[in-house]
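The structure under discussion appears below in the form of structure tokens.
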Amino acid sequence: MYDAPTAAEQALQQHDIKISSRNVQVYYGDTHAIKDVDVDIEDKTVTAFIGPSGCGKSTFLRCLNRMNDTIDVARVEGEILLDGENIYDKKVDPVQLRARVGMVFQKPNPFPKSIYDNVAYGPRIHGMAKNRADLDEIVERALRRAALWDEVKDRMSAPGTGLSGGQQQRLCIARAVATEPEVLLMDEPASALDPIATSQIEELIDELRRNYAVVIVTHSMQQAARVSQKTAFFHLGNLVEYDDTSKIFTNPEDPRTESYITGRIG
Amino acid sequence: MTDATAPAPAAPAAGGKRRSLLEVDERTRRRNAAEARFRLYGIVAISVGLLFLLLLLGSILFNGLSAFQQTFVQVPVYLDPERLDPEGNRDPEEMRGVTTFGYKPLLNEAVYEKVQSLGIETPLPEPAMAPLLSDGAATTVRSFVLENPDRLGETVEFDLLASSRVDGYFKGRVTRDSIARDRFIDAAHLDLADAMNEAGTMGKQFNLSFITGTDASDNRPEQAGMGVSMIGSFFMMLVVLILALPIGVAASIYLEEFAPQNRITDFIEVNISNLAAVPSIVFGILGLAVFIQFMHLPQSAPLVGGLVLTLMTLPTIIISTRASLKAVPPSIRDAALGVGASKMQSVFHHVLPLAMPGILTGTIIGLAQALGETAPLLLIGMVGFIASNYPDGVAAGFLDPNSAMPAQIYEWAKRADPAFYERAWGGIIVLLAFLMTMNIIAIILRRRFERRW
């Protein structure tokens, strides 16, 4: 798994910075949930956030597309730049931002509508299709990208909630990629799934890396090691260490990181 | 004795805590007994409730069903042109000059002749036939003549309403004892009625006009019907539906999804809950003060009644709508926001459709509650006495004085003649039928639209 990268892979690893955060602080009421997080997330890379429960990794993920705005007591300070623009700028409309930074949640949450309508919903509200044929194409492309097309192409009008757990999660991924986002945030996307569905999702995440910057929060260190190129370790609201995944898992610099990956804390 | 028993309790203790599962220990026995007792209390409570429900339904049906039947007299009436159209022009305007008083002798003759032709012997002279017939019978014949002036001179078969005393006699309400001091009718009439009933020319029939007809004066309970008050209730419910549903749903969506969590929101929420518990008569006096005395809307109008009932229904609708919005899982909202939907899009595309069955059920329950509400209507004068005319047109339906079903029932229950008592019960059956229909619709809607997520 940690073989020396080939030249082609090395070329693939030279990426632009997609998202960078500077001095990000998050408060939930009086609780200081995220302290001073600086991180640069690269484009076309899978970045994994790991850490024990309650360390703030999900909170930080939800800052990246301003989903924390929906929580009244949450307050974010500092800067998060998407392509150099601060997403917490007063002029930024979070709705527009979320179209560019898609999100997949922990529990599969398809809309109680047909499979087709689930995927077509984003493109519809963003006016991405001029006509039905266009929309059909977008839906098919999204479902193919989410590796779900072959399983559902004959029952597009069946309810999305009738699929199996793994299929539902892939449907949610298809729904997220249908709006052509630039970044895909995944909050423990496989934690509610069985091992087979999990491995399908992981393969899919590796595929998605070609087109998107993927940020994934996971509880499973094996998963982080399998799917990500970069890993950030959070502990008690601090970003302890952020480096290449291979480095984090073989030669961590911080003793806390080492304790966590060897199972002594967390 | 003490020696023999002393070691016995020690033995199980010494044998550790292992006791046989086949023996029930004291503690478990007590717990099981308590459980059995509680179940018994539950069954008793439910049985008492069911008993009262049965008593209620039984007495309503027992007292009210007879209102749907009415005694009619079948007689051929000779429409004498000489008396009904003295000018001879067959002009309905001129024929209006002959009032129902002009028709009455005609009817007495008709009944008397019928009696003679059937060979029934009676000591009563011809004018004494009048107490057999309702005052409304002459009206029936008169309106037939005015509508068909060309049928003058013919003999037409009529089904005429019998008077309430005769009707009561067939329903067991009036007896020979009870009429001893009755100035309207005496025993000879009842003998005659019995004979006519045997001959098949007088008898009980289903009375559609109880459901569709208008109210009638104190002297002719046999003619009174629910129709006009039903129309009044219908227009009130229309006002309530048009106002309370959009206002209530909009208010609850705002409070539930958009409003910031602060003191003002809390204050509003507490007050909405309080409003739901305010006695309805308070809304009535509020309506009287605001809508009638201050805004000068017409008294007794379904519009005002509807406005008052809207005020009363709003808290119910808001509370049930908020409950069903709350029941939509937050993951659905997250999902919509996650693909870049705005707050409003997430609410209208996803949350509202899922909450719809609950909202509709709450609305229908609120409407049903409003339909049965009487107290506020008394204060705004929605106990109009509409004896002859239905509202013509929609505007009149909203603005003309009218009554409502529960107010009509109250009105009948108040009147002296026991014949109205039966109609009040009958009115309750009609009202209950409406309420049951609405509740069934609510259940069907809930089943139909219920979705799993």
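Glycine residues also receive a Cβ, built from the backbone N, Cα and C atoms like all the rest.
Annotations in TrEMBL come from automatic prediction, not curation.
Computed from a predicted structure; not experimentally measured.
Per TrEMBL, the features are as follows:
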type	residues	note
TRANSMEM	B:38-62	transmembrane segment
DOMAIN	B:230-442	domain 'ABC transmembrane type-1'
TRANSMEM	B:230-255	transmembrane segment
TRANSMEM	B:275-295	transmembrane segment
TRANSMEM	B:301-319	transmembrane segment
TRANSMEM	B:351-372	transmembrane segment
TRANSMEM	B:424-445	transmembrane segment
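Scored by C-beta pairs under 8 angstroms, the transmembrane segment (B:230-255) has its highest count with B:301-319, from the stretches B:38-62, B:301-319, B:351-372, B:424-445. The listed stretches are B:38-62, B:301-319, B:351-372, B:424-445; of these, B:301-319 has the most Cβ pairs under 8 Å to the transmembrane segment (B:275-295). A Cβ distance under 8 Å defines the sequence-distant neighbours of the transmembrane segment (B:301-319), meaning residues of its chain 6+ beyond its ends; these are 232-233, 235-240, 243-245, 247-249, 251-252, 255, 272-273, 275-276, 280, 283-284, 286-287, 291-292, 359, 362-363, 365-367, 369-370, 373, 376-377, 380, 382, 397-402, 404.
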